Amino acid sequence: MPPPHRVFALPRQQSLLLPAVINPFVHDLSLSTADITKCFLLGIILVPLRAIFLLLVLLVMWPVSVIITFGQSLKGVVEPMTGWRRFLHRRVMTFLGRMYFFGMGFKVVVKGKKASTLEAPILAVAPHSSFFDAIACIESGLPSTVSRIESLEAPIFGRFLRCVQPVLVSRTDPDSRRNTIIEIERRAKSGGHWPQVLIFPEGTCTNRSCLITFKQGGFVPGVPVQPVLIRYPNKLDTVTWTWQGPKSARLLLLTLCQLCTTVEVEFLPPQVPTEMEKKCPLKFAQSVRAVMAKSLKLPVTDHTYEDCRLMIAAGELTLPMEAGLVEFTKISRKLELKWDNVKKELESFANIACSCKGGRITVEEFASFLKLPISPALQQLFALFDRNGDGTIDFREYVIGVTVLCRPANNEEVIQTAFKLFDIDEDNCITQEEFSSLLRSALGVCDLDVHSLFREIDADGSGHITYDEFRSFALNHPEYAKLFTTYIELQRYQGLQGDETDFDSAFSHCCTAAYDEYQEDSASDKKDD
């Protein structure tokens, strides 16, 4: 007999393959005994000398910056610098900036040619991996940057920042993001009156193993953008500053202890947007990123700053920080999820994985959370979540599983049908005997204790489950939805096969078919990823 038509099918979804780089926000600085000895011996001599030199440079930079910004509003400027202010800013401050980094031991190698303001009003620097990336700003002639308004109030460096006439961002202003984009566009289209605007389109620091998602703000104006690459080709990496890694003070001290730290700044040809890219900043950002990734010979991923926020949230939930990484840009776009939705799923994931030190869910923990025994049915459900077949579910797989498998199945029709299946005597409530009887059949477990699960659904402790209680529990626990739909499909499959069909083998057929289709969908859509 040919296999029956499957009434329910898993929703087709573009594949969500693992990124080429799992965690671009971690940096493990391992120092050998020789490295420690070298840093100690050089540090005794170099650190005091460099500290004195840097202090002297700052003593010269401070009065120059005061003169440049004298009489200017602290809240930002509305007109570009001209005359002697521009000369002091572009010539003197740039020279002093180079002296400052020279005093820190940096050897700067510049490749390519910086475009003029008319040729490329915006400079995009990547990969952004360190606070030392300010070197790119110095070598670009101190263009304007995007900075928080609070930074202007910082002692000494706040005054230096005012010299570059930054585009200011305010955390307290709800319209700040829109206003920032408008200001960047105004300067970019000024016909060369304003200095170039330098942006770090990744928006956060990575370990330079890939290029993450570029934010669209700097690409909205639709003007030519010059990519600027920054590399640190040193044997000992003392500059990479990531969310998981050494603190800034340690990196600064170790860098000062190095005899020389090499940095390469490369200016690529300006990228002129097509008509389509002018209308779609996302495509323009992706196009520029692709050019930079090709030159750097690095992969690209869809991680973004929101992944860093999820890492912090994972740490607060006692999970390993890397457990929160999901490639937020890809997940949010393909599954139509906002950050708050993913954060909520992280909290649910933490409730299941709290006893697991690795931040991954095993089948035992999955069964314990569902308050069900490990049965073939539950193992099949677990396999649907476990996309890579390694026997565990990480947070990324959990988000995809809940969104693609469970939530679409967790609708009013399914909940009503499932309630009717449990309500054997049709008295509009489910007793523990009815609940236990159906689960024993569905899971293929003769001796099944469902007391704890029944008690959790029975919110008022009345000894029976009403529809409202059942519905509320189902909506808050979408993990059960696939079990419900598989059981409903099982009933229809039995009807097509005939009454003589073995219940357990039919259940296994339905679950296996679902698993095969899910895997097939993932494989067939790899080209779309």
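Each position is counted from 1, following the chain as shown.
Glycine residues also receive a Cβ, built from the backbone N, Cα and C atoms like all the rest.
Swiss-Prot tags one of the stretches 128-133, 182-187, 230-235, 356-361 as motif 'HXXXXD motif', and that stretch is 128-133. Checking the ranges 138-141, 202-205, 214-217, 270-273 against Swiss-Prot, the motif 'EGTC motif' annotation falls on 202-205.
Of the chain residues outside the Ca(2+) 2 site list ASP423, ASP425, ASP427, CYS429, GLU434, PHE422, ILE424, GLU426, ASN428, ILE430, THR431, HIS464 have their Cβ within 8 Å of the site's Cβ mean position.
The two recorded residues GLU434 (Ca(2+) 2 binding site) and ASP458 (Ca(2+) 3 binding site) have their Cα atoms spaced 13 Å from each other. Annotation for ASP423 (Ca(2+) 2 binding site): same-chain Cβ neighbours under 8 Å, separated by at least 6 residues, are CYS429, ILE430, GLU434. With a 10 A radius on its CB, GLU434 (Ca(2+) 2 binding site) counts 19 other CB atoms from all the protein chains.
For GLU469 (Ca(2+) 3 binding site) paired with ASP427 (Ca(2+) 2 binding site), the C-alpha to C-alpha distance reads 15 Å. Sequence-distant neighbours of ASP458 (Ca(2+) 3 binding site) (same chain, six or more apart, CB under 8 Å from its CB) are HIS464, ILE465, GLU469, listed in sequence order. Calculated from their C-alpha atoms, the gap between ASP427 (Ca(2+) 2 binding site) and SER462 (Ca(2+) 3 binding site) amounts to 15 Å.
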